[in-house]
Structure formats: structure tokens, C-alpha cells
């Protein structure tokens with residue numbers, strides 16, 4: 001008989017990471033370690049790093065999805081900081097969340113004030129109608 005109370009001779013199950021258990025790609029163990037080392041609280045619950053990792057993974061996926069769409073709109077196959085900037089600034093919620101963030105090499109959104117645009121005159125309309 002084995003010392004662990006199980007059946008004798010049964011193979012031990014391979015260990016599974018917390019990321020794999022939660023179905024995540026981002027590392028739960030690393031986030032847990034960073035929460036402990038960061039002195040955010042005296043104690044860190046076991047569910048907190050899993051939840052935080054899931055939120056971080058979701059945000060990263062959302063931003064990359066929008067940046068990929070921006071890259072495709074510009075006929076590019078590689079995401080550059082400009083595409084990240086366009087993705088974040090054109091999305092209301094992400095822009096609110098990352099409003100104070102500066103993205104290096106991101107540029108600005110194209111915007112021309114209405115007063116600077118050429119005025120539509122009635123003479124131009126009359127000449128077009130003839």
C-alpha cells in the first residue's frame with residue numbers, strides 16, 4: 001500500500017499550472033508573486049491573482065483585436081504603435097481608461113476643425129447645377 005492513501009502503483013497526475021486550470025494564457029503565478037512583492041496588501045487571496053490575470057488578458061486581447069483591425073485598414077500586416085494609438089483613441093471606453101497614457105511613436109488622431117474647412121458657397125452649387 002502506498003503512503004498517500006491511494007491505490008498502490010497508480011501513476012501520479014502531472015501538475016497543472018493555475019493558468020491552465022483557469023484557462024488563461026497569462027501567468028497567474030507571476031501575477032500572484034508581483035502582488036505579494038508589491039506591498040499592495042498584507043495578504044493576497046488565492047482568487048485575486050486569477051481574476052486580475054483574466055482582466056489583463058481580456059484587455060490585451062481587446063486592444064490587439066482593435067489594433068489588428070487598424071493595421072488591416074492601413075493595408076499592413078504588422079501592428080505598430082500607430083495602430084495601437086488609433087485603436088485606443090477611436091474606442092470610447094479604452095480612450096477613457098487610457099486617457100492619460102502617452103504611446104511612443106503613436107502620433108495623433110487626424111482632425112481638422114470645422115472652421116478651417118472650405119465653406120460651401122451658393123455660387124459653387126449654382127455652377128454645378130448648370
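Positions of Cβ are set from backbone N, Cα and C atoms, glycine also.
As recorded in Swiss-Prot:
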MOD_RES   4  N6-acetyllysine
MOD_RES   7  N6-acetyllysine
MOD_RES   105  N5-methylglutamine
SITE      119  site 'Not ubiquitinated'
MOD_RES   127  phosphoserine
Original post:
Which ones in the same chain are close to the residue listed as 'N5-methylglutamine', with CB under 8 Å and 6+ residues apart in sequence?
Top reply: 80, 81, 82
Subject >> For residue 119 (site 'Not ubiquitinated'): intrachain residues, at least 6 apart, with Cβ closer than 8 Å >> reply: none
